[in-house]
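Read through the structure below, which is laid out as structure tokens, and then see the notes.
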């Protein structure tokens, strides 16, 4: 890093700093995707292929990015996406991210497989947040999870539907995170030894690392191999739209379905009771070679956008990306890897700074596009190369 470029500003700046600080297996778990990682590349390329239109001589003295997201009065149309194991990237990472979201007035979504439990996040923040759910084979346990989320004040449920089985993420095998026997364990020990700041701050001082929401289901919640075994045994490949209807009956709050790419699936989700759908390819971590999320967005918006809100997840790294998605009909965008890079890089201040930057980029971009409000954005302000 240049001596003249020492302060991380963008998501990519934070990514580079996170790579230096983290054990390699943890960085790869965050940074990697399925198979050849083509879809992850498609997400970025999809945004790069779109161009915004500059409009001049409009009164843009008062630009507002405020919006209502499933009952949450947000400062901007940004949501911190659910990220598994976020508490391994900074000490009690989910709590830090939730606090950053409160400071920037946007929703935070806690993953089912987060390190911090719903109770811990609620106790530390005393503010509403969203909870993400995977459908597990043990429906009684799912019901208990939903009850815990309600008791913790979660105002919306984000139900992920694109993970009937985990994708094949080759980096996790290469770096010894999953499997590998004795060689894999030795590799992880070497990686931990070469990341002393992380090892002390998170590895030792950040305990427990016990997947708080599902700890009761894992014999040794600190063992990543047992965690992987739980995922393989409990994620339900038999899940159908009837299960979404069952979930709708169980959950009285707002329900967002995450992992929709095709118009027919969007219609089925709405018919089953979804209050919103999230266009997402899981950041390229599931089926490799599917299209970019931004490429699939217009079809889903055309199918259900007049009935429910449509959100987008996948490849958003800055405010300009967000504006492109909003022009194509998304009501909000989810930030995934970007906020965890910032968390690993600078903790809560890093997440706050990145959110503030993205909000500034959005407001500035809107002014230069000649619009004052999110409702004024639309397809007329975007074109393909």
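Cβ atoms here come from the backbone N, Cα and C positions, even for glycine.
Residues 29, 132, 134, 282, 285 are recorded by TrEMBL as glyoxylate binders, and the candidate that the same record lists for that site, out of 169, 174, 245, 248, is 169. For the FMN site that TrEMBL gives as 82, 83, 84, 111, 160, 280, 313, 314, 315, 316, 317, 336, 337, the extra residue drawn from 254, 258, 360 is 258. Note: the Cα of residue 84 (FMN binding site) and the Cα of residue 285 (glyoxylate binding site) are spaced 12 Å from each other. Using a 10 angstroms CA-CA radius around residue 336 (FMN binding site), the recorded positions that qualify from 29, 132, 134, 169, 282, 285 are 282. All protein chains included, residue 285 (glyoxylate binding site) registers 25 other Cβ atoms within 10 Å of its own Cβ.
Counting only the Cα atoms, the space from residue 316 (FMN binding site) to residue 29 (glyoxylate binding site) is about 18 angstrom.
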